[in-house]
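Features as listed in Swiss-Prot:
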- Cys20, Cys56, Cys59, Cys62: [4Fe-4S] cluster 1 binding site (BINDING)
- Cys166, Cys213, Cys382, Cys386: [4Fe-4S] cluster 2 binding site (BINDING)
Amino acid sequence: MSAKLSESDLNDFIGAQVACVKPTRTLHTADEGDEALEVGKEPQEATKVSISLQDCLACAGCITSSEEILLSRQSHGVFLEAWRSLAPKALAVSVAPQSRLSLAQHFGLSVAELDQCLSGVLGSYFGAKYVVGTQLGRELSVQQTNARLVERKQQGVQGPLLCSVCPGFVLYAEKTKPGLVPYMLDVKSPQQITGALLHAADPNIYHLSLMPCFDKKLEAAREDCAREVDCVLTPREFVALLDELQLDLHSFAGAAVPIAQLTPPGWDPRVSWCSSAGSSSGGYAYQYILHMQRLHPGSTIATQAGRNADLLEHRLLAPSGVLLASAGELYGFRNIQNLVRKLLSPATKRSAKVVRRRLPQASPAPPATDPCNADFIEVMACPSGCINGGGLLNGGLGPSQRRDLVSQLNEGYARLPTLDIPMPTYSQPSYIYNLRPLAPTDDVLTVANAW
């Protein structure tokens, strides 16, 4: 006998805040009149729902009930409870560069001043054993990405590979576009690799990660990411944490702990807190082209803008003009929709004829800019990428103000100290996800992710 539920019992049905874009699917059945909801029984039509999180999951649309439970275990309140009973574990904190920039802008500090205040509040007040940036994790992520791409190119495999460090995009592909999964590179993100490195330095730690995106919480909760990150907070939540504890971040500048004291043995603090050339979403596309340029002396890099601000293509050209390698940056759901169509839907003959009619006398020219045709695509769910993450301190701004803020943060990102990512000189453990299509569920308590 099935249990009867009302709408108020289903935690996917809540008051209007952020409406989902569309129902997952529509089921056409005979009208059975007004009935109580039953477990396992879908209504006539999948209704639009709202998510109960204060902020949406970095453009990933609706979330399932089970995911909301996971997110509830990653709040600043949960962190405080864990921190107060941490002994005998030690606290380790990793901070993404986008989070540092957002916090610095919010508090009216330079990034260097913000880093001092963070070392003070995390090292002095919270007693953190380690406080690190995520660049070392990014370095390993980029190196392993490049190695896989070069191996694939040497084997003559055609078609693009997609970066999988954005959990919003990964969730979307695994849940709603399983055909994308074979295109996805399974190298882990800097967040997870940094966590693995910290646990290698001291297995008895509690790892808090400050990330620009709410979806990073779900990434940390993946089965293939177990024990790498214990809790993820966004800059918004970190500010809420400070407010709850009535802490003035500025006051901790005088209590700053030297970064070297908060760095694990064997780590170079300069690497940990620096950045590298490329986009403010990790620079994966540009770093691949730089890597290929080292393998082809005399080659040059040409960067071309796409049809909108969230499309960019980097090309490596031989002295003769021959294309040696290409990589694209593709951000935002509209561009991801186009990517899905190009990868999963064959082009029609009619569209090709239309192009020929429009350009009957076209002279030979280089291929048109299209990141979707590149060897490798740096895909991010958020428009403008990680520098516009849903967890950053950018709420309440209109579109124009938000664009201005993104521009300011990108300028700040470009001013971060940079180091070249070297060619790997030693054997590394592989840091990989177990990417797989996730079967849809008919459970009435679950609403699958849909943008």
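Glycine is treated like the rest: Cβ placed from N, Cα and C.
Taking all protein chains in view, 27 other C-beta atoms sit within 10 angstroms of the C-beta of Cys386 ([4Fe-4S] cluster 2 binding site). Cβ-based crowding with a 10 Å cutoff singles out Cys213 as the top-ranked of the binding-site residues Cys213, Cys382. Cys386 ([4Fe-4S] cluster 2 binding site) carries a helical DSSP state (H, G or I).
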